[in-house]
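Visitor: Starting off with a structure, shown below.
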Amino acid sequence: MEGVEAYGFSAAMSGAFLVSSLLFAAFNRRLREPYMDEVFHVPQAQAYCHGSFLQWDPMITTLPGLYLLSVGVVKPAAWLFGWTGPIVCSTGMLRFINLLFSAGNFYLLYLLLLKIHQKNKAVSGFQRILSSLTLAIFPTLYFFTFLYYTDPGSVFFTLFAYLMCLYGNHKASALLGFCGFMFRQTNIVWTVFCAGNVVAEKLNEAWKTELLKKKDEKISAMRGSFPDLIRVLKFLIEYLTSPKNLVTLVALTWPYIILVTVFFVFVFVNGGIVVGDRSSHEACLHFPQLFYFLSFTLFFSFPHLLTPTKISKFLLSLRKHPVQYGLITIISLFLVWKFTYVHKYLLADNRHYTFYVWRKIFQRHELVKYALVPAYIFAGWSFFDTLKTKPVFWTLMYFVCLLAVTVPQKLLEFRYFILPFLIYRLNIPFPSLSRQLLELAFYIAVNVVAFFLFLNKTFQWPNSVEVQRFMW
């Protein structure tokens, strides 16, 4: 980090933390008591603060990483500053933990952008800082900075693990991956992603060697046609069935293998991935979740994905490959028909935005879910078109992890899309400065609306005196 860029980053991070602190104060003035899932998280953390580590609320479905870390931060701080009484492990103090995670996420996002795009000398320090700030205030994540939820900590440890993986420190990466797993069990997928980065790098090296031997085209051009895909898959099978190659890969990824083994032992002993209330978190093959994620990404990355150039390229591709797109459309319609699930929480809780998305769009008519398939196909094409600069095996590995983290979820919940979106956004090429500024302005506008609705547009349910608020 050069001098001017270092000063710029320090100013941006300090300014963001100041604004976040002011918002944090506003949240805690308006909302002093635990809200939504906080009614489970806060008492559980307070029980740990009082030393009751065997006490557990059966409604909590995640492991106790958030509560253990909170105690590890709050207790030493209370001793250092002489805090006593109700302030220690109060709702506000526990929420402050996520404010610290938010600052850490800002820094990690900057370091990841610096590492991933280090070969792109055309990217200025200002653009890196701007993208870091934009992703740090990504609305679905930033909102939960001000509540005691697992999301900011889950993102922090997963991004930290990814960063260590990129720097080749795989033991540290696996350890941080374990911390992420303790915040949310599905983060084990991103441990596999980190291991996949190592595997993909070796595969790319071997693939380039294979192409050089045959004096063939470059790997970046090996995309699109069905024969090319078959050829890549054939190479992949041959490489991974070689004992010599397997020994090499195991030697490189053993820290991740240990962690994944621990995960499977946990699932076996626990009788499933979910702790606590399993009845509402049953896994299923919910393939349309992939379509929802692509639509979510198109919405939040429209300056990159929804441009006149992208639309023109898509229409040209459509004219060139009508049979392929016809087949994709038929498969998509079948997946929507046979694998669309509607979770009871989605229809029952009008505090979440997903309730209104479903009611205003999907429930408008029974054919709407099918009519949206062309939009899903465009979103998917545009999504992968922005990843065409990545090696083919990296893209395959990311797609597998994306499927693993979205498809088994029955509930449509935007928070589940945070990590796959951030990893995608970190890896696409830097756009023009004007598009970056548009993206930042859009995120600020969405955050302003979300905070205004949450803080000011309260409502009450019939036969209830509790104040309800709109949220992600």
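From the backbone N, Cα and C atoms, a Cβ is placed for every residue, glycine too.
Please treat TrEMBL annotations as automatic predictions, because they have not gone through curation.
The following feature annotations were taken from TrEMBL:
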{"type": "TRANSMEM", "residues": "6-27", "note": "transmembrane segment"}
{"type": "TRANSMEM", "residues": "65-84", "note": "transmembrane segment"}
{"type": "TRANSMEM", "residues": "96-117", "note": "transmembrane segment"}
{"type": "TRANSMEM", "residues": "129-149", "note": "transmembrane segment"}
{"type": "TRANSMEM", "residues": "246-269", "note": "transmembrane segment"}
{"type": "TRANSMEM", "residues": "289-306", "note": "transmembrane segment"}
{"type": "TRANSMEM", "residues": "327-347", "note": "transmembrane segment"}
{"type": "TRANSMEM", "residues": "367-384", "note": "transmembrane segment"}
{"type": "TRANSMEM", "residues": "391-408", "note": "transmembrane segment"}
{"type": "TRANSMEM", "residues": "437-455", "note": "transmembrane segment"}
Visitor: Check the transmembrane segment (6-27) against each of 65-84, 96-117, 129-149, 246-269, 391-408 and return whichever range has the most CB pairs under 8 Å.
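Guide: Answer is 129-149, with the largest number of Cβ pairs below 8 Å.
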Visitor: Using a Cβ cut-off of under 8 Å, list the residues of the same chain at least 6 residues beyond the transmembrane segment (289-306) that approach it.
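Guide: Residues 138-140, 332, 335-336, 372-373, 375-376, 378-380, 382-383, 386, 402-403, 406-407, 409, 412, 414, 417, 420-421, 424-425, 428, 431, 435-436, 438-439, 442-443.
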Visitor: Compare 129-149, 327-347, 367-384, 391-408 by their Cβ pairs under 8 Å to the transmembrane segment (96-117) and return the stretch that comes out on top.
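Guide: Against the transmembrane segment (96-117), the leading stretch is 129-149.
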Visitor: Six or more residues beyond either end and a Cβ under 8 Å away: which residues meet both conditions relative to the transmembrane segment (367-384)?
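Guide: Counting only partners 6 or more residues beyond its ends, the transmembrane segment (367-384) has Cβ contacts under 8 Å with 288, 291, 294-295, 297-298, 305-306, 310-311, 314, 317, 325, 328-329, 332-333, 336-337, 340, 361, 395, 424.
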Visitor: Let me spell it out: take the transmembrane segment (391-408), skip the flanking residues so only those 6+ beyond its ends count, and list any with a Cβ under 8 Å from a Cβ in it.
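Guide: Distant contacts of the transmembrane segment (391-408): 186, 189-190, 192-193, 196-197, 199-200, 203-204, 207, 219-220, 222-223, 232, 236, 283-287, 289-290, 292-293, 384, 416-417, 419-420, 423-424, 427.
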